[in-house]
Ligand SMILES: O=C(CO)[C@@H](O)[C@H](O)COP(=O)(O)O
């Protein structure tokens, strides 16, 4: 048992109204029900790495001008070495690319950090984290996918929590400064088990933007994650 930082909530705008991104992001900012989300999660998909197409750097640049909330870019693209540093240069706080998309994750991570961003490594549900454990210090975030990347609104895959537990053990044992982020199917019914397994940052798309009160949904998720995480670590 050890104390961990308060759980972070990162709404995914994949489920927001793309014609009104500035107001959709403002809707999860500080409000009477919640202090405001920790990160806004932006899914960049290229229709090559995943069978879907979303948005790219020009839209991220506009989002960065529209909000002060740190932007968490999740690149579901081939050739991240070519594109990822540009998102960090533009001002994205965290830039995650996929382990399955490159043979040289260390170089990509170093280029993101050199461009001023935090570096994240995305891991698909079927990918083992074992080969990556020895390069964890190269990263600031490990993004564990709990659905197959590509679409919002899919069912949470609880089996990926074994990877979260393993990571938690290594991070705590080696006292690494690394956040575990989970993405896919996170809702009021699944967030507690993810928090108990050791997740730090929770991405939620449809659970936040699928209803008519995103701030209330964020507050609910935050309360559930905080209670479950505190029970697990023994924090009061
Ligand atoms: O990266 C992805 C999907 O590939 C996610 O960020 C989704 O946006 C999560 O959506 P929900 O599962 O929370 O609806």
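Every residue gets a Cβ built from N, Cα and C, even glycine.
Listed in TrEMBL for this protein:
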type: BINDING; residues: 12, 74, 150, 151, 152, 153, 183, 184, 185, 205, 206; note: substrate binding site
type: BINDING; residues: 41, 43, 74, 183; note: divalent metal cation binding site
type: ACT_SITE; residues: 43; note: active site, proton acceptor
type: ACT_SITE; residues: 183; note: active site, proton donor
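Feature annotations (TrEMBL) mapped to structure.
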| residue | record | contacts (Cβ under 8 Å, 6+ apart) |
| --- | --- | --- |
| 12 | substrate binding site | 41, 42, 43, 152, 183, 203, 204, 205, 208, 209 |
| 74 | divalent metal cation binding site | 41, 42, 43, 44, 96, 120, 122, 143, 183, 203 |
| 150 | substrate binding site | 45, 50, 51, 52, 76 |
| 185 | substrate binding site | 146, 147, 154, 155, 156, 157 |
| 206 | substrate binding site | 15, 152, 153, 187 |
Report, as a single number, how many Cβ atoms besides its own are within 10 Å of the Cβ of residue 152 (substrate binding site).
20
Write out, in the order they occur in the sequence, the residues of the chain not among 12, 74, 150, 151, 152, 153, 183, 184, 185, 205, 206 that have a C-beta within 8 Å of the mean position of the C-beta atoms of the recorded substrate site.
14, 15, 43, 147, 154, 203
Test of understanding: give the count of other CB atoms lying within 10 angstroms of the CB of residue 41 (divalent metal cation binding site).
26
Counting across all protein chains present, how many other Cβ atoms fall within 10 Å of the Cβ of residue 183 (substrate binding site)?
27
Near the Cβ of residue 43 (divalent metal cation binding site), how many other Cβ atoms are there if near means within 10 Å?
24
Give me the sequence-ordered set of same-chain residues, not including 41, 43, 74, 183, with a C-beta within 8 angstroms of the centroid of the divalent metal cation site's C-beta atoms.
10, 12, 14, 42, 72, 73, 96, 143, 203, 205
